[in-house]
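Asks: Take this structure first; my questions come after.
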Amino acid sequence: MNIDRTRKSLNTLIKAYKKKNRERNIILQCIVVSVVVVSLVIISLIHGKLQADKLKNQYQDGKTISTIIEEGTDTTKQQLQRLSYVNSIGEEKEIGKLMNGRYSYSRCVVLDETAYEDMIKPAFVQLYGNYPKQTDEIMVSKKTLDYLGIDNPKIGMNITLNFYWNDIFTTKMTGKQEFVLSGYYSSYNNELSDSSIAYISENRIKQAGISQYPCRLFVDVKDWGLSGRQVENKLKRDINLSDKQRIISYDSAEYRAIEGTVGNYLLAYMFVLAVFFCLFLVIYNIIYISLGCDIKQYGVLRTIGATNRQIKKIVCMQTWDIYLNSCLFGITLSIAIQYFVLNNVVKNLYLGEYKANNQLELFNLSAYIVVSFLVAITLFGATLLAVHKLTMITPIEAAKYEEVAGQQQSGYEFGRMSLTKRTGVVFRMAFRNVLRYKKKFIFIIIFLAFGCEIGLLGIVVTKGTNQMNRLRKNPDFTIEVPMDTVTYLVENGKNEMELITDDNVVDIENILASYDENLKIVQGFLPIIKNATETDSLKIIEHDSLPVMQTLDDKSLKKLMKYVEEKNIIVDQKAFNEKNGALILHENLIPQTYEELETKYIGKTIELYDLVPVGTNMQEMPTVRLRNCGYINISQTDCPTLDLSWKGNNKVYLIVSDQTFRELNNVLKARNLEVQINVKANKEAICKQKLKAWVQEENLKFQSTRGNQNQLLYTIKCNSDEIAKQSLYIRTSQIIMYTISGILIFMGLINYFSTTSTNIIIRQREFSTMRSIGMTQGMLRKMLIYEGVIYVGGVIGLLLIIGSIVMGIVAYILRKNIEYFVFQYPFEGLLCIICIMIFLCVIIPNIFLHKMEKNNLVGRIK
């Protein structure tokens, strides 16, 4: 009977408290809903952006993996399969090529099912048909079909091709023959490379008697936030490699996506933790303030016999209702926003140019579970903390808790004061009210400043990592000869191997006349390596393209040497600076661990011929000797931007000093590799039109002379076109990152709003006492406004002092990781915060005091 009576009493008390705290609970519910929605929206946006950047990187790489083992064997594959951090292993074997006369326009490879389905196929922008199964089937790129003049390809159609094995001793199924088109594809990576890739069936190599091994092994590694170099070092420790085998591992698509957004994994984790900490501080702040005023009421309950367990139940039941209603509503609203808004925004705006949006999924069930769990921990943790505080004091102390708050100002007689004196007294009262509980004041302004600082940091990161910063450094126009045209000229050319002639440069200067601001000619050599397959000097670099030999300007060379010192890359700077030394720059063409290269390759002699057409008697050609001074992988994200010609995949650059270049010019022929042009901003459009017309005219002359309608002599790159191409992606990235930053700042302001509102609600008794001793409604309003101004001043002070220091540290870290990062102080964001907080200082007291005025004064005192 007593148990039933106790239960009924508790239920009655719970209902009474819900009714009494209705306004406070509504504010708390709104805050919880806001935190849930904001958390899930931010997670969806960040998750969507990183996924989109990851897919974009995979499209550009042409595959989903970033770790390759050259000359892999079955034994190597078995070793990899035993490693816990290896997901899957695919096989690729390059076995032949498609030829047009002496010109090879497509490499032919064979993939196993894992390599094709999981590692290559997802990186196709478009795919029609299937991977070849039969001996005579072939799958080629759209680029190859265009080269062959096939405008309307049909699956199953017959194509006559000249196919040759890489192994010259294999003679089966070589020469001109009929193939059946099993499929064709378009690939972003394939468009940028000098030659295309065609896929043939495994049955073809079996019938030709070609062994499956050795082959190239594609290794899908669990990322775990490891860089390419770390993955390579890990694999080298865990598997045995022969002298011929090597590991090529570069940063994964996911790793580069995170680096491109926030710099590195550590900053990403810190940013996410800070965001969640900021959001959940909003909830904790409200609980911390609001339950403080209930402590004295719970103390009264203890004096009449209520146990700590019963009081805990009263408090937790209220919190449970708030949590359940808020979470359900917040999750429902988040799903609706994600489904109807975010999916379309991220998919269409981020990946619209690739027309491959089906791989992007924003919904993340684990995010909903984690957010719900964290909200529960915050709500109930803050609640139990207040209850624990109650259990640490006696019932009498609890009943008198904060009672002084309403009596401290009672010595004033406002009716007898002058206006000036009343204003001074009101400000002093506001100041004492704020500092009455110094710990509480410091706690609140730190939390408020922390929330706003995270939003401001988001703006700093967004502005600094804007891809426009990188694009604006490029020249307005670049005219160059494509590398495949150079190969074509070598294999089908005359004795004269001119690329961009001096007459061409004069023509360009005449076209631009007074429009250009500067015109730069990038000169270099295109050497042929003597006995490239036998010498040790460049044996580890396997590439089809000709190496490019050139110099770097002083600024680029200083940046490169600084990068070498910071990364402890082994190079022979003394030999490079003195005479006949060459630095070998590449993009993931050699292992990224350099210890073995110091004694094995650095210091070797590289013998070179000048570029001449095929068929020239090389024995009569003079040679030059260079000293191998070291290898630098320029594909790393933290590598400085260098002024290199023919940027693209599988390029090798031999960088020499100015002195060495001048001496080599006596033996090798320096060629104009490209022309870089900057023009006046208001003349860019007309210059583009004139230069494109000139390039088109020169290409038509070349095609008519050579009788090849598909070969271009010159290409022109317009920086404005590249900016326009990427503008949608860049603008979308900016919008989403600014949205996230704005949401975080908004939550910081919501934190201020809820803190101030809750503080006013729980101080109604104090305000009534002030009114009873002569304080007018206007004076009370001024006092609350002054209190708000003091809070705002504290927050702004922290942002300007501590916040600026934090921004400087973050900017320093980002500048070390992202070469094009530009720091810009977020003055607009800070000004926005100040204006809104001052506005809230004025509007909040007016709203709540107007509502309080409607209540009876005597009723409020009781």
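The first residue you see is number 1, and the count goes up from there.
The backbone N, Cα and C atoms fix where each Cβ goes, glycine too.
Curation does not apply to TrEMBL; its annotations are automatic.
What TrEMBL records for 270-386, 739-845 is domain 'ABC3 transporter permease C-terminal'. Residues or ranges marked as transmembrane segment in TrEMBL: 26-46, 266-287, 322-342, 362-387, 441-461, 735-762, 783-813, 825-849.
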Asks: Summarise the model's confidence over the domain 'ABC3 transporter permease C-terminal' (270-386) as a mean pLDDT value.
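Replies: That stretch averages a pLDDT of 72.
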Asks: Given the transmembrane segment (735-762), which of the listed stretches 26-46, 322-342, 441-461, 783-813, 825-849 has the most Cβ pairs that are under 8 Å apart from it?
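Replies: Selected stretch: 441-461, with the most Cβ pairs under 8 Å.
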Asks: Are there three or more C-beta pairs under 8 angstroms joining the transmembrane segment (26-46) and the transmembrane segment (441-461), sequence spacing 6 or more?
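Replies: In this chain the transmembrane segment (441-461) does not contact the transmembrane segment (26-46) - fewer than 3 Cβ pairs sit under 8 Å.
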Asks: Other than its close neighbours in sequence, what residues sit by the transmembrane segment (322-342), given a CB gap under 8 Å and a spacing of at least six beyond its ends?
Replies: 25, 28-29, 32-37, 40-41, 44-45, 48, 362-363, 368, 372, 375-376, 379-380
Asks: Take the transmembrane segment (783-813) and find every residue of the same chain, 6 or more past its ends, with a Cβ under 8 Å from one of its Cβ atoms.
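Replies: Counting only partners 6 or more residues beyond its ends, the transmembrane segment (783-813) has Cβ contacts under 8 Å with 263-264, 267, 426-427, 429-431, 433-434, 441, 444-446, 448-449, 452-453, 456-457, 460-461, 464, 752, 756, 760, 770, 775, 821, 823, 825-826, 830, 833-834, 837-838, 840-842, 844-845, 849.
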